[in-house]
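Novice: Here it is, the structure in full.
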Amino acid sequence: MESEKKSSAVSDVGAWAMNVVSSVGIIMANKQLMSSSGYGFGFATTLTGFHFAVTALVGLVSNAAGYSASKYVPMWELLWFSIVANMSITGMNFSLMLNSVGFYQISKLSMIPVVCVMEWILHSKHYSREVKMAVMVVVVGVGVCTVTDVKVNAKGFICACVAVLSTSLQQISIGSLQKKYSIGSFELLSKTAPIQAVSLLVFGPFVDYFLNGNAIIDYKMSYGALFFILLSCSLAVFCNMSQYLCIGRFSATSFQVLGHMKTVCVLILGWVLFDSALTLKNIMGMIIAVLGMVVYSWAVELEKQSNAKTALNVKNSLTEEEIRLLKEGVEHPPAKDIELGDSKV
């Protein structure tokens, strides 16, 4: 039993490390690919379509080679999930275009309480006081180190709301679909990736043209840009896979809270690799955020132990009650009606 717990803990850490490393790596690669000082590939939605196309190809090869098994999931569930996921991607892109960076960061931070509320509504999930306090500490910390100017307009606010709601619903749905159909994270990703790839590659160029006014067919491809596109797609496979793994192992709330460790890593790497400014405000915010993540991990573990103890007490009390009823049945057998031969009620 102890060895199983250690093995599970190692797997959890591995999945989380894969998500952090691949997510930070893909952000760094995309920054070089899409920035004006890099290769100026400003087609984020289409690039995401490339990501899912490569992920779908990897899933197809894996199934054909027998490394993964394909389980049944109704097509309408896959289509519904893919629509929500694509709304998340498109909403995020529009939110970043229409709002200031500060409000965009605030909208991302709001996903934590939104996920909590949605899990409470959809799955009747409750959180302890310690978990709620830890979530607030993380939100404050990340807010301090990332939020600068805050400007918003009506269109931008609507896009941000759509992005937050669809992203939160997508992350909750990943976990619920895995449990509902007893399907692994990679198998679920292999089923949804082709649908997302086709839809994003068809509509992505039009969305990108609306966002930046440039057509992808007019972009002059170079070997450097092609290299970073392939690197971004390769990292996206691990990023998508680890996201499904993490949500399947933890919860959407934990994924959001601990996911802000990526924000801290991006700020540090941006300072190291791209000479981005790192002020005292950023450093203090990162310290608060990391402290909040540590407290959150402690609070979740405390909640698990409390739930396990409660379940054990309930089990023991039921067992004692059953024993008492059995003893009473032996000592005081039900009186028989001699004429009818039935037990008296």
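Cβ from N, Cα, C; glycine included.
Positions annotated as domain 'Sugar phosphate transporter' by TrEMBL: 23-297. If you look up TrEMBL, you'll see 9-29, 41-66, 78-96, 102-121, 198-217, 223-245, 257-274, 280-299 marked as transmembrane segment.
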Novice: Looking at the stretches 9-29, 41-66, 102-121, 223-245, which one shares the most CB pairs under 8 Å with the transmembrane segment (198-217)?
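Specialist: It is 41-66 that shares the most Cβ pairs under 8 Å with the transmembrane segment (198-217).
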Novice: Which residues, given as numbers and ranges, are at least 6 beyond the ends of the transmembrane segment (78-96) yet have a Cβ under 8 Å from it?
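Specialist: Distant Cβ neighbours of the transmembrane segment (78-96) are 44-45, 48, 104, 107, 156, 159-160, 162-164, 166-167, 169-170, 173, 177, 191-192, 195-196, 199-200, 207, 211.
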Novice: On the 0 to 100 pLDDT scale, where does the domain 'Sugar phosphate transporter' (23-297) sit on average?
Specialist: 80
